[in-house]
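**Q** Please find one structure pasted underneath; my questions will follow.
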Amino acid sequence: MRQGYSPSYPLRDERITEDRLRFANLVRRQVYILLGLGLLSLTAMAVGALATWNVADPSFSHATDNPVTNALGYPGAVFSDLAMQFFGLASVPALLPLAVWSLLLMIRGYIGRIARRSLAWVGAALLFAAIASCFAVPQSWPMPIGLGGVFGDMLLRIPGFFLGGFPQGAIASAIALVLAFPALWFCFFASGIIGRGAEAVNPAMLSANRSADDEFADEDADNEAGGGFHFIGALTHLVLMTTATIRRMTGLGRRRSREDDFDDMRMVRRSAETRNAPPPRARKARVEQTAPSPKPGPRAQREAQPSFLKDNGIFEMPSLHFLAEPKLVQRDPALSKDALEQNARLLAGVLEDFGVRGEIINVKPGPVVTLYELEPAPGIKSSRVIGLADDIARSMSAIAARVAVIPGRNAIGIELPNPKREMVYLREMLASRDFEQSKAKLALALGKTINGEPVIADIAKMPHVLVAGTTGSGKSVAINTMILSLLYRMTPQECRLIMIDPKMLELSVYDGIPHLLTPVVTDPKKAVVALKWTVREMEDRYRKMSKVGVRNIDGFNQRVGLAQKKGEPIARTVQTGFDRNTGEAIYETEELDLEPMPYIVVIIDEMADLMMVAGKDIEGAVQRLAQMARAAGIHVIMATQRPSVDVITGTIKANFPTRISFQVTSKIDSRTILGEQGAEQLLGQGDMLFMAGGGRIQRVHGPFVGDDEVERIVQHLKLQGVPEYLDAITEDEDDDEGGSGPAGTGNLEDSDDPYDQAVAVVLRDKKASTSYIQRRLGIGYNRAASIIERMEDEGIVGPANHAGKREILVPTGDDDF
């Protein structure tokens, strides 16, 4: 036998240990059934005692020599007298939880939340007593207290204290109606009819429910109505358990596959009679639980959202209440321990049928898919297993199956969709502690991993993202989640947005929020101009950072903020020339008037339309931004629904190391985006493959956000202030005029001051914009912007409106006539 392998047949000691465990579980199960029968008997005796109650029977409150007429004798007379004295007629409905508890013990073997349900039982009994006391006492009532007993009268004295007397008539009826709902809720909760969605499964009973009787146990857990059928199911459960245990102990069930405890379960491969192949070895496989929901951060626990100071007031961040709250759903029975074990064995058998030898070593269930980790036998090529993705999906009766090598491990991941898909909500991601306490400067909530863990990415480190996917794959929803992730963390002073939407549908809803630098660009020609402006802004930022002597935008903002805090201007010493007499260099101190620079995120929703209009210009601008804009704080999120080589060119791919692929139609499109196949096997609706820097691919399930949620957030942001648009972003420039010299300024050569020339141009042409002054005077953008700001300060032109236009306030010669 080859070293390192062992037979797949179980050892004798393991079988004995397993049989002992099953026998112990069987005994424990019978104890619970006996306890349930005992409790049911006591409940029936209590009902019989109350049904035959007679006030004349001897008891603690009546010392008489009359014969006992109660069906249970003197103990029944004492019990019924005490119950009627304290609770009155409410003693009868108060016995309902006890009857349900007895059935639960016999069927399920445990009662969840017993402490809380006991308190709810007491509360229900008291409320039922108060309701009974609200009714008028008939003349035939033999007791001097109300129908609700002592406790009912005591509770009604509370409203009587405020009403000035014991409630009667219509007031008593109203009080009874008010108390009816909480009384029923307490009664149902105490009985276990409601409030069972979050109960934990009793681990002691798991092993007892793992045989041929699993179907009965599942039916009992799902269908809780009908006590008679459940009792029959419990007896059938007992018979099957006893038969199965006897067969195992006598050796008849040795060839049946056994399941150990869930955390240390053993995956046994089906033996394949292959020539020169050693028998498969049995290894312990670890089945992981789904990661718990992300823990909410401090922001989700505060009632009011934090406020950030702004120059013209207070900017209030959007509230998490604008987003839909995650719904509580019960765990899918298909993801139970037994079901995962069975699927793992079935998958191992399918692989052996196709000639792939190996074993399942790990199982990771998630909200959308389940990952089965396969450790192949020596000599098995990973490409062979990857090529079987369609055959595996067919054999496992799944919609699709994705097979990929797990980086850094000797394992191949096989991802199969769950029968029931769970929804991932954006509110759950933004309220999580991982997102709020993330140190990322521009954090994006991408979604959850296969195991249910949140994925928070930093676009400042990416530094650009390429998103691709077909229509309906969830690409537009992912763009919205990225935008909302920025809006929930960044103020307009910290991050500004440029949105380019040639489709005129997806991003137009954000038009008017204060984070925008320009209205949403829908014209492809203006989109080219906006990208060129972004390139010029990047170059201008680099010049500013060079003057200050820093290497990135964070260092620049820190340096400028520190100078503003101290009240000291930033100055530098520059050489202006040489002294004519001595020849020594002349140095002057230049004061720099600088402000902190916000991050700029350029969002392009459809790249294919732009490439059709101006492919070379778009590709050149995107290439320069992708190569150089990271240190300047400018980042690009580019999306397309046509992932072909004419849209995603080699130049663009080389400069976008971070890529996200949603469902595509073919393997060729998947290779175009990610460099490998697999995206064609995605499930759609936010299911994505996230490739971070370095080529490591991770499957992520994106969160969902509805249009109504986006509209509520946008309306809130619009109330915080108007956007400060820059008209130069979308105004086309005539490079030919600007390169040769000032255009149209022949009559202004007598003035050496550019400001005077600019004022004359504005008054003559009645046009006031930064780009217009820049073209007419042949000066740089920064200088033209300073001139326009000076004109606004001196009252020559007004502030820019929502479209970026300015009104000329100084009357011209034409206005006099």
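Start at 1 and count along the chain as shown; that gives each residue its number.
In case you wondered, yes, glycine gets a Cβ from its N, Cα and C as well.
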**Q** Would you mind telling me which of 145-165, 334-354, 439-459, 586-606 Swiss-Prot tags as transmembrane segment?
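**A** Checking Swiss-Prot against the ranges 145-165, 334-354, 439-459, 586-606, the transmembrane segment one is 145-165.
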**Q** Below 8 Å Cβ to Cβ and six or more residues apart, same chain only. Which residues does that give for G474 (ATP binding site)?
**A** F662, Q663, G684, Q685, G686, D687, M688, G702
**Q** Average the per-residue pLDDT over the domain 'FtsK' (452-671) and send me the rounded value.
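**A** Summing pLDDT over the domain 'FtsK' (452-671) and dividing by its length gives 87.
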**Q** What are the other residues, in sequence order, whose C-beta lies within 8 angstroms of the center of the C-beta atoms of G472, S473, G474, K475, S476, V477 at the ATP site?
**A** G469, T471, A478, F662, G684, Q685, G686
**Q** To which of the binding-site residues S473, S476 does the lowest count of other Cβ atoms within 10 Å belong?
**A** S476
**Q** Grab the same-chain neighbours of the transmembrane segment (87-107) for me: Cβ-Cβ under 8 Å, and only residues 6 or more beyond its ends, written as numbers and ranges.
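**A** For the transmembrane segment (87-107), the far contacts come to 32-33, 35-40, 42-43, 46-47, 50, 80, 117, 121, 124-125, 128-129, 131-133, 143, 145-149, 151-152, 187, 190-193, 220, 227, 230-231, 233-234.
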